[in-house]
Each structure stands twice: as C-alpha cells, then as structure tokens.
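This report concerns only the one structure given below.
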Amino acid sequence: MSKTIAINAGSSSLKWQLYQMPEEAVLAQGIIERIGLKDSISTVKYDGKKEEQILDIHDHTEAVKILLNDLIHFGIIAAYDEITGVGHRVVAGGELFKESVVVNDKVLEQIEELSVLAPLHNPGAAAGIRAFRDILPDITSVCVFDTSFHTSMAKHTYLYPIPQKYYTDYKVRKYGAHGTSHKYVAQEAAKMLGRPLEELKLITAHIGNGVSITANYHGQSADTSMGFTPLAGPMMGTRSGDIDPAIIPYLIEQDPELKDAADVVNMLNKKSGLSGVSGISSDMRDIEAGLQEDNPDAVLAYNIFIDRIKKCIGQYFAVLNGADALVFTAGMGENAPLMRQDVIGGLTWFGMDIDPEKNVFGYRGDISTPESKVKVLVISTDEELCIARDVERLKNTK
C-alpha cells in the first residue's frame, strides 16, 4: 500500500487530493488559495471533517510545507515518508510530451519553456513541481499533461490553414486541453455501456468554467475544440471561445483601453464568455437565476452559450460519422439539467432523446430514453484519480 498526492497548482492556488493506492481510496483533500497574497486560506477535508486556516503564505514552497504539516497534524499521515508519489497536472505539454512522465531537471525546464502555450497555467504547475521536489527530493514526481491525450489527432486535424512555416518554425497548431478528463470519462462511458472502448465512437463534453468538447474514436482523440491555447472552442465562463481573429487589431485601433494584442487576449480570456455577455457572472447558477427574472442580458448569454455548444457537438457527429453516446461532465455538464435539456433539444435530429425524470440535479448515469439511438450519459470526471493512477504506474520506472 502507498499514499499518493495528486496536485493541481495554479499561480496563486494549490488543489490537492491524497489517495491510498492501489485501493484508490481518498484519504483527504483540500486547497490552498491566495498564495502570495494576504490572508491565504488553507482548507483540509478528511473523515467528514473540514479544517480551515487563514494564513500568510508567500509562495508555493511555503504552501507545500503547510500542506504536509497539516497532514501530520490532523493524523492523516504519521511522517512525510508515508507519501510515495506526487502527481502534477500540467496543462500544456506541447509536442514534447505524448504521455505522462517522471519529473527530472530537463522535464521541469521544458514545462517552463512551454508556458507560452498556457501562460495562465504552466508557471503555477512548475512552481508546484519545484516546491515538492525541494521538500520531498527522494519521492517520485510525475507530470500528467492535459494535452497528451490529444496527440493522437491527425495532422490534417491539428494544423491550422496558414503557411506551414508557422508550424515548422514556431509549432503553431491545435493542442487541445482537458485531455485527462476526456480520457477518464470515455473509459467510464465504456464501462457504463458494457462495450469495449475500442469499438465506441463518443462525444465527450467537458462543460465547466472552461469548456472543451472532444470526438473520441475507439478510445483516441480524433478532434477537440480547444486549440493552440484553451481560449479556443465554444463560449465559456469567462473566455470568449472562437472569434474572428480580425477583431483583435480592430479593437486595438478602436478602444484606447486595449493597447496591444496582449490586452485583447486578456479580455477574451478573463472578461468575456458568460460573464462578459451577461454582466452578471460566469456561474451558470447565476445565469439561470437571471433567466427566471427575465434579465435580457442573462437570456442572451445563455442563448449564445447553448448555440455554440450545439454547433460544436454537431460538427463532431460529422467527424466521427455518427456517435454511440454523448457524455456530459465537469461542473456545468454534471450539474446543469436545464443546459443539458436545451443542448439536446437542438440535437434530436441525430436520434438523441433524454428522460426528463433522469435529467435532474444530482443524477449520474444514462439519462436517455430507451428509444434514443444515441445514449446521453452524465459522468463525474475524476482527473485527480487519473493522475494518481499514472503515478502508481510510473513511480518505479525512474
């Protein structure tokens, strides 16, 4: 038996989950927020209890020390050496990492170099990796990349229709994201359907604050909606998703607050999507409350959101030449029945039909009717478990 920590580190946060392996039992989980800011918050959940502390945590190394000391303080572990592996979620692996890898100095350097592909994510992940290596130098650290699952895409799918020198010289191409989530829910869908994954054509819809949709052909990613960065695809919580790129120089010319391309991209990443259109929130619960109040901006934001998701799912029916099932996962995908109802309502031509008694908050499983030609599934994603499994698989290979 061993204990493995799955880590998702951001620029100012560190989310974690501790597993007993190979039993895959969750021993504890938590998050450290506001790293580098005043009044940092450390939350630990274990044995049905929740402990919260307000601290000043200056960097990721200090955050990791607090996390490990809390595990001992609350009796979850007796000593650091009970932890036998650490797994880190890394958003961008580019073309360098086609699968999960054991961390060494070169790998860490490459992750930092790939920050250009995920400037909001990779630097935080690198800081988390460095902190754990400093504090637990003898324990195996493994990186699990969001992009790895999508390296199976064909060249004609991942290349953009621009001069090829931009790919050969600068590696401009579609990379995708959320790969760990898409891989996990596809595996779970195969179990639920009682069929080998290698025989299935699935469309997996990861709909949270970030939104990505993937065409899964026989267990491999055939296409996915996120692109060179996670900004591409359908409308999201704070991200615009796909727009005409000519809008960027136009806005720089017209709006004095947008001084350069970086300003526009920041607006598209952080101030757009549901939040930007509605002026209310990036949270679907707040948008749905706005629908109840007939708030016109909430209605508009919701309608754009549904429209973009339907279009994306529809194109993947074409990519796969049909599908056996559509899988909803992540925060909104799992917990927004109205959104699922309205998305499926625009896809009935493909032979999908959902049971309103099953399409309710909290239900997991097959929500389609017996007559539905394409099954509609709601599956809880578990990226942390995928990370822990890869640590278990790789920890003796370094």
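Including glycine, each Cβ sits where the backbone N, Cα and C put it.
Per Swiss-Prot, these features apply:
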ACT_SITE  ASP146  active site, proton donor/acceptor
BINDING   ASN8, GLU383  Mg(2+) binding site
BINDING   LYS15, HIS206, ILE207, GLY208, ASN209, GLY210, ASP283, MET284, ARG285, GLY331, MET332, GLY333, GLU334, ASN335  ATP binding site
BINDING   ARG89  substrate binding site
SITE      HIS178  site 'Transition state stabilizer'
SITE      ARG239  site 'Transition state stabilizer'
Across all protein chains shown, the one of the binding-site residues ASN8, ASN209 with the most other Cβ atoms within 10 Å of its Cβ is ASN8
Close in space but at least six residues away in sequence, with Cβ under 8 Å from that of ARG239 (site 'Transition state stabilizer'), the same-chain residues are GLY210, VAL211, PRO230, LEU231, LEU268, ASN269, LYS270, SER272, GLY273
Of the recorded positions LYS15, ARG89, HIS178, ASP283, GLU334, within 10 Å of ASN8 (Mg(2+) binding site) (CA to CA), in sequence order, we find LYS15, ARG89
Simplified DSSP label at ASP146 (active site, proton donor/acceptor) comes out coil
Within the same chain, the residues at least 6 apart in sequence whose Cβ is under 8 angstroms from that of ASP283 (ATP binding site) are GLY237, LEU274
Recorded positions near ASP146 (active site, proton donor/acceptor): from ARG89, HIS178, GLU334, Cα within 10 Å gives ARG89, HIS178
Same chain, |i - j| six or more, Cβ under 8 Å of ILE207 (ATP binding site); the result in sequence order is ILE309, PHE328, THR329, ALA330, GLY331, MET332, GLY333, ALA336, MET339
Cβ-Cβ distance under 8 Å, sequence separation of 6 or more, same chain as ARG89 (substrate binding site); the residues meeting this, in order, are ALA6, ILE7, ASN8, ALA9, ALA125, VAL144, ASP146, THR180, GLU383, ILE387
Other C-beta atoms within 10 angstroms of the C-beta of HIS178 (site 'Transition state stabilizer') total 30
Between the two most distant Cα atoms of the ATP-binding residues LYS15, HIS206, ILE207, GLY208, ASN209, GLY210, ASP283, MET284, ARG285, GLY331, MET332, GLY333, GLU334, ASN335, the distance in Å is 23
The correct three-state DSSP answer for GLU334 (ATP binding site) is helix
In chain order, residues whose C-beta lies under 8 angstroms from the C-beta of ARG285 (ATP binding site), counting only those at least six residues away in the same chain, are none
For the recorded positions ASP146, GLU334, GLU383, the largest set of other C-beta atoms within 10 Å encircles the C-beta of ASP146
Same-chain residues at least 6 positions away from LYS15 (ATP binding site) with a Cβ under 8 Å from its Cβ, in sequence order, are ILE7, ASN8, ALA9, GLY30, ILE31
GLU334 (ATP binding site) to HIS178 (site 'Transition state stabilizer'), Cα to Cα, whole Å, comes out at 15
